[in-house]
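> Have a look at this one.
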Ligand SMILES: Nc1nc2c(ncn2[C@@H]2O[C@H](COP(=O)(O)OP(=O)(O)OP(=O)(O)O)[C@@H](O)[C@H]2O)c(=O)[nH]1
Ligand SMILES: [Mg+2]
């Protein structure tokens with residue numbers, strides 16, 4: 001599909017699209033039209049085509065839009081593109097269609113950002129979340145909170161300007177009450193927003209353990225695909241291997257690492273170093289131990305190093321005789337799962353624990369509907385700070401002027417979340433994240 005948007009879209013289509021009876025698309029009603037695409041200069045046929053004609057404002061960008069649906073194939077699409085360029089169009093910047101939809105007021109900034117998330121979503125849950133945002137539920141609740149704030153602000157200002165209108169203590173009480181309600185609501189948005197990031201980017205999950213305990217076998221089992229090389233030679237994996245796995249609807253970014261041990265082998269040494277680096281950036285850890293061998297010093301060390309991180313401890317090779325013990329005292333409150341990748345036992349339990357622990361109690365479906373991104377979370381955090389100051393000031397009986405300044409700042413912060421006060425730089429930054437044609 002080749003898409004053209006803007007006031008010239010109809011005339012550009014007229015130069016490159018031959019309709020029945022030499023009709024002009026730009027003079028037609030909104031709808032689907034069949035015709036032949038031609039080269040604007042040589043007039044030679046390029047392809048048959050179904051053109052979708054959507055005069056503004058009822059289109060994605062709210063401008064006149066034509067979409068040419070052609071047979072596809074790189075060469076063909078290229079020639080349709082160059083025909084459009086010759087007929088007066090220019091190439092779109094990444095995200096420009098969505099940017100125009102924003103600039104023309106059809107969607108707000110958080111909806112535009114959600115389009116990126118929708119395109120990039122890696123699981124069904126993530127795409128469902130993004131779609132909720134595109135539809136504007138999130139923006140709606142931000143707008144509602146702004147309304148509440150502006151009414152509160154008005155009350156405070158009136159009390160400042162006309163002291164006879166109301167007593168200060170009444171205004172202060174209202175700031176405290178409404179402020180706390182808003183704080184609760186925003187903090188909930190932030191909590192859900194963090195879950196949203198997890199849904200979008202995946203939980204960085206590092207599989208760690210001594211050589212030959214079955215890390216790569218576990219990676220393959222989680223992916224249900226033979227991704228990493230498995231052999232009975234200790235030191236098989238020498239580099240970090242990374243892959244997405246969708247586990248219970250949650251995206252995990254799984255990293256298989258080189259088995260950790262002291263070694264003289266230069267390549268393996270570098271691999272072990274990378275394993276340690278991966279651990280530093282881990283959000284979740286699976287420590288794999290061989291249940292067929294006694295707990296070694298290296299095992300203990302790994303358990304200590306990963307303490308405090310969300311983790312699951314796996315006792316693999318449980319099909320063999322059990323020789324390991326002393327794990328529980330070192331496990332803290334981490335789950336310990338007995339696994340046999342060979343016999344195919346324990347994987348379900350492991351996956352269950354991963355979802356439970358990585359999301360601290362599991363993701364609720366309605367969490368998904370308020371997924372926010374880092375930019376929005378930072379702004380929301382700023383709004384929380386402002387409101388807290390306002391509530392504290394009101395509780396301490398500070399003058400209303402000080403409170404008014406905080407409320408004003410909170411109001412502006414909420415506005416930025418939905419792009420009411422967005423500058424050019426911010427817009428460029430956001431829309432450059434899109435791919436072409438969106
Ligand atoms: N008996 C038994 N053998 C297993 C099990 N899981 C893996 N193995 C075997 O253990 C050996 C090592 O498996 P890998 O997955 O390569 O181990 P690794 O931890 O990735 O090893 P390095 O990459 O060398 O650190 C292979 O021969 C596997 O077939 C299991 O549950 N039971
Ligand atoms: Mg390996």
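Each residue, glycine too, has its Cβ placed from N, Cα and C.
Curation does not apply to TrEMBL; its annotations are automatic.
Sharing the features that TrEMBL gives for it:
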type: BINDING; residues: 18, 67, 106, 438; note: (6S)-5-formyl-5,6,7,8-tetrahydrofolate binding site
type: BINDING; residues: 212, 231, 233, 236; note: K(+) binding site
type: BINDING; residues: 212-217, 231-237, 256-259; note: GTP binding site
type: BINDING; residues: 216, 237; note: Mg(2+) binding site
type: DOMAIN; residues: 202-359; note: domain 'TrmE-type G'
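Structural setting of the listed features?
Residue environment of residue 106 ((6S)-5-formyl-5,6,7,8-tetrahydrofolate binding site) contains 19 other Cβ atoms, counted within 10 Å of its Cβ in all protein chains.
The secondary structure of residue 236 (K(+) binding site), as reduced to three states from DSSP, is coil rather than helix or strand. Within the same chain, the residues at least 6 positions away from residue 236 (K(+) binding site) whose Cβ sits under 8 Å from its Cβ are 211, 212, 216, 229, 230, 259, listed in sequence order.
Secondary structure at residue 216 (Mg(2+) binding site), taken from DSSP and collapsed to helix, strand or coil, is helix.
In the predicted model, residues of the domain 'TrmE-type G' (202-359) average a pLDDT of 93.
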> Where the record says 18, 67, 106, 438 bind (6S)-5-formyl-5,6,7,8-tetrahydrofolate, what is the longest distance in Å from one Cα to another among those residues?
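Greatest Cα separation within the listed binding residues comes to 31 Å.
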> Tell me which binding-site residues (212, 233, 234) have a Cβ under 6 A from ligand 2; sequence order is fine.
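None, as no Cβ falls under 6 Å.
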> Any idea what the Cα distance is from residue 231 (K(+) binding site) over to residue 106 ((6S)-5-formyl-5,6,7,8-tetrahydrofolate binding site), rounded to a whole Å?
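Cα-Cα, rounded: 57 Å.
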> Are there residues of the same chain, six or more positions away from residue 234 (GTP binding site), whose CB falls under 8 angstroms from its CB, and which are they?
210, 211, 212, 259, 261
